[in-house]
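Some notes on the structure that comes next.
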Amino acid sequence: MSEAPQARRVGSVDDHSVYDDAKTYYTSEERHNNSRSGPRQRTYSQNSLLGQMERLGLKEPFRRGSHDESNHNRRFLIQVDPTLESLKSQEDTDGNMQITIEDNGPKVLTLRTAGSNGHNRFDIRGTYMLSNLLQELTLAQEYGRKQVILDEARLNENPVNRLSRLIRDHFWDALTRRIDASSIEVAAKDPKDWTDDPRPRIYVPKGAPEQLEYYKKLAADKPDIRLDVVELPETITPEYVVGINKAPGLLAVDMEETVDPKTGERVMSGRPFVVPGGRFNELYGWDSYMESLGLLVNDKVYLAKSMVLNFCFCIKHYGKILNATRSYYLCRSQPPFLTDMALRVYDKIRHEPDATEFLRTAILAAIKEYHSVWVAEPRLDPVTGLSRYRPEGTGVPPETEADHFLHILEPYYKKHNMTFKEFVEAYNFGRIREPELDKYFLHDRAVRESGHDTSYRLEGVCADLATVDLNTLLFKYETDIARTIRNVFGDKLVIPAEYCVGSLQPGQVETSAIWDRRSKRRKLAIDKYLWNEEAGMYFDYDTAKRQQCNYESCTTFWALWAGVASPKQAAIMVTRALPKFEAYGGLLSGTEESRGQIGLDRPNRQWDYPYGWAPQQMLAWTGLYRYSFTEEAERLAYKWLFMITKAFSDFNGVVVEKYDVTRPVDPHRVDAEYGNQGLGFKGVAKEGFGWVNASYIYGLQIINAHMRRALGTLTPYDTFIKALEDNRNRALSEMV
């Protein structure tokens with residue numbers, strides 16, 4: 001893998017960097033004072049005169065401002081508000097506060113150069129530069145600037161460098177939350193709260209008295225935010241969770257003691273975490289692992305470490321890594337990635353004094369989660385020894401839009417002569433029994449726990465499936481735990497009482513041999529029930545029907561990531577399976593044949609063809625690298641990165657949750673049940689989407705330096721590879 005790219009730092013006025021973050025760039029008075037170019041008043045009067053002439057429909061005599069043909073360190077002297085209005089009225093022809101390839105403006109705007117004190121002019125041309133100008137001026141306006149001196153380098157910046165920089169300097173910060181006094185109003189906001197009074201609320205587990213005291217004091221100190229603080233009972237049942245659905249709230253996560261820089265006093269501070277973005281404003285399970293891959297590349301190690309510790313807190317107090325940290329997710333988990341996440345953080349901090357203790361805590365938490373959640377009833381299938389997504393729970397999932405299940409529930413509420421709301425209330429609290437509906441929601445909850453909500457692969461069967469994804473992840477848990485106990489803890493890990501579940505006893509010693517045996521048993525079961533030699537891929541296994549499924553899913557490549565495939569199986573997968581999933585923009589979630597026909601009665605599902613998701617890409621790249629399929633990993637990474645970069649360049653800096661990897665022009669447009677997160681910004685995108693941000697940063701480590709240069713010039717993969725072949729053939733012919 002190539003080294004992490006560094007943004008080029010170019011000296012500008014007063015030695016500030018051209019590529020400073022927006023806050024630094026736009027709050028510097030010194031940077032935006034045109035003292036080097038002459039008196040400021042003269043510039044204002046000239047621009048004022050020009051504005052009057054333009055409003056009167058008069059043209060300025062050419063002699064007053066010749067075009068600037070120089071191209072070294074060019075900077076523009078811009079009056080923010082009038083220029084922004086001119087830009088929008090001229091170039092944003094569809095009025096959506098974005099400048100894209102779909103707008104029909106002239107695609108050119110003339111700006112005054114700062115070096116000439118506004119006398120000379122220069123044309124800003126093309127969608128990319130104009131949309132960057134819109135973004136920069138939107139930010140300048142938000143920071144209260146009336147006039148700016150804007151570096152041209154921020155407008156024509158290499159798109160790979162620009163997006164990488166925005167992710168590193170802006171998007172991660174915009175997505176970071178702490179559940180404490182500094183930002184609880186932001187962290188508590190829940191776009192999925194459909195109740196009549198969506199006030200901020202936090203649920204604190206029974207065994208966290210310091211947190212309970214902290215939040216009660218916070219509520220008393222800030223009565224205006226109306227924070228409701230609730231202590232959870234010792235035992236949390238599905239019935240209890242249904243009972244609090246009308247009062248949804250955040251779940252407390254870990255806190256740490258820090259020193260207040262102003263007072264020097266020790267205070268409680270929430271451990272930070274990254275949220276996915278859009279309507280997902282809480283700590284999510286597998287999203288966090290994917291995000292950590294990018295955070296670690298960007299040297300945000302403390303943030304990734306904090307997320308691991310937050311997960312350890314969740315396992316200790318809630319019994320599992322939750323789907324997400326909201327009260328309505330208390331019975332539901334998500335795909336388990338804790339061991340790999342913790343080991344990646346440990347590799348970055350192993351020189352720190354508390355590194356070994358950090359890893360010990362994470363591995364102990366993973367062992368507890370493994371035994372209490374994944375290899376216990378109801379998720380364990382005792383016949384195969386494999387595990388399923390099969391969460392507890394009752395009633396209708398409350399986080400969905402109010403009418404999401406309308407078509408499912410309509411026959412039932414009509415049957416009982418009730419309104420939709422009346423029926424949901426009666427069904428949720430067990431006043432009405434409908435076994436078929438119970439079965440439907442059992443599978444629906446399982447789909448949501450899988451993280452693949454929704455897909456025809458899982459619909460109506462998920463709770464019965466021993467899926468490829470879950471069981472390869474558990475194999476990875478088993479091998480990670482074995483290796484860590486052997487290599488870090490001297491082949492002996494003592495289990496403290498707080499981590500004991502099931503048959504585990506306080507003081508019990510875990511050795512690598514125990515976990516090696518578990519992984520070998522799981523591999524045998526995976527090969528027996530999930531591997532299909534003829535198809536050259538892994539399939540889910542239906543534990544109710546006792547047969548292998550035939551839906552072709554991209555999760556087959558998780559076996560490479562986890563290392564459960566033999567070298568022979570890996571080679572067969574690359575030959576037979578990979579061509580079925582590879583598309584213009586990377587890997588498809590599933591094949592078109594497996595998805596089946598789509599129509600009014602059978603709409604698209606977002607985890608099916610033709611959509612591609614960041615987790616599937618990253619796990620496949622890593623898995624292919626693991627088995628030395630470097631060329632394939634680089635090719636897939638390039639396609640994904642090119643698609644993201646092209647959409648970013650053509651559509652005003654857009655970065656979204658998922659993509660249609662079959663659409664070359666507008667892959668961010670998704671026609672599925674939940675739409676797409678990351679689209680609804682005005683002027684400038686400020687957060688992207690968590691795991692797509694990570695996939696971009698991580699993917700740049702996968703491709704080689706030559707590919708990175710081609711990516712910066714927006715060269716499609718086929719064009720890039722043809723140019724390489726032509727150059728190679730030319731070189732060979734010259735040698736003859």
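Placement of Cβ uses the backbone N, Cα and C atoms for every residue, glycine included.
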Listed co-binder of substrate (same site as R279, W286, D287, N323, R332, S333, Q334, R448, G451, source Swiss-Prot) among E213, E231, E399, E510: E399
Of the binding-site residues listed as R279, Q334, R448, the one whose CA lies nearest the CA of D94 (Ca(2+) binding site): R279
Beyond the site residues D92, D94, N96, Q98, D103: chain residues whose C-beta lies within 8 Å of the centroid, for Ca(2+): E91, T93, G95, M97, I99, T100, E102, N652
Can you tell which of the recorded positions (D94, D453, E657) has the fewest other C-beta atoms within 10 angstroms of its C-beta? D94
Tell me the Cα distance separating E657 (active site, proton donor/acceptor) from R448 (substrate binding site), rounded to the nearest angstrom. 16
Of the recorded positions listed as D92, N96, Q98, D103, E657, the one whose CA lies nearest the CA of R332 (substrate binding site): E657
DSSP on R448 (substrate binding site), three-state: which is it? helix
If you measure every Cα to Cα pair among R279, W286, D287, N323, R332, S333, Q334, E399, R448, G451, the residues listed for substrate, what is the largest value in Å? 19
So among D92, N96, Q98, D453, E657, all listed as recorded positions, which is physically nearest to D287 (substrate binding site)? Use the C-alpha atoms. E657
With an 8 Å cut-off on Cβ-Cβ distance and a minimum sequence separation of at least 6, pull the same-chain contacts of D103 (Ca(2+) binding site), or say none. E91, D92, T93, D94, T127
